[in-house]
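To start, the structure under review is shown below, and the notes come after it.
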Amino acid sequence: VLSSKDKANIKTAFGKIGGHAADYGAEALERMFLGFPTTKTYFPHFDLSHGSAQVKAHGKKVGDALTKAADHLDDLPSALSALSDLHAHKLRVDPVNFKLLSHCLLVTVAAHHPGDFTPAVDASLDKFLANVSTVLTSKYR
């Protein structure tokens, strides 16, 4: 459960992320592909090289989805329902991969905003990403 302080930290962080969400999403995907190469199996049709248009486009989708989620902290299931259906029924992404991408997203945000990435912000964003992951995997049954 996100506390009021967590929600404030998330809103503040996404305010700073601002128009960089797509770039950060792509960077986090690149980090994930490099650090956890087994995740590449879900993207066999992608050019996974640094700066590829496909990774950038998917990074934009990730960034847009997280921005939408950050704007709907009190109703993540509704905000992410279509995305949850897609990942559960069509893409069938192993749920562990959401945790890996979440880690890479945290590293990316920390790298770009080191002065703002306090332990409290880290904890709040980690809880937020865990909640998003839970929603995305909720329809796997």
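Keep in mind that glycine also has a Cβ here, set from the backbone N, Cα and C atoms.
The O2 binding site feature in Swiss-Prot is assigned to HIS58; the stated evidence is sequence analysis. Feature annotation from Swiss-Prot assigns heme b binding site to HIS87; the stated evidence is sequence analysis. Annotation comment: Swiss-Prot describes 1-141 as domain 'Globin', evidence class sequence analysis. What Swiss-Prot records for SER3, SER49, SER102, SER138 (among others) is phosphoserine, and it gives similarity to another entry as the kind of evidence. As annotated by Swiss-Prot, N6-succinyllysine applies to LYS7, LYS11, LYS16, LYS40. Feature annotation from Swiss-Prot assigns N6-acetyllysine to LYS16. Per Swiss-Prot, phosphothreonine is recorded for THR108, THR134, THR137, and the stated evidence type is similarity to another entry.
Taking the C-alpha atom of LYS40 (N6-succinyllysine) as reference, the shortest distance to any of the recorded positions LYS7, HIS58, SER102, THR108, THR134 belongs to HIS58. Closest to HIS58 (O2 binding site) in space, going by CA atoms and restricting to the modified residues SER3, LYS11, LYS16, SER49, THR108, is SER49. In the three-state DSSP classification, SER49 (phosphoserine) falls within coil. Most Cβ neighbours within 10 Å among the modified residues SER49, THR108, THR134, THR137: this distinction goes to THR108.
Annotation for the binding-site residues HIS58, HIS87: lowest Cβ count within 10 Å of the residue's own Cβ, HIS58.
In this structure, the CA atom of LYS7 (N6-succinyllysine) is 14 Å away from the CA atom of the residue listed as 'N6-acetyllysine'.
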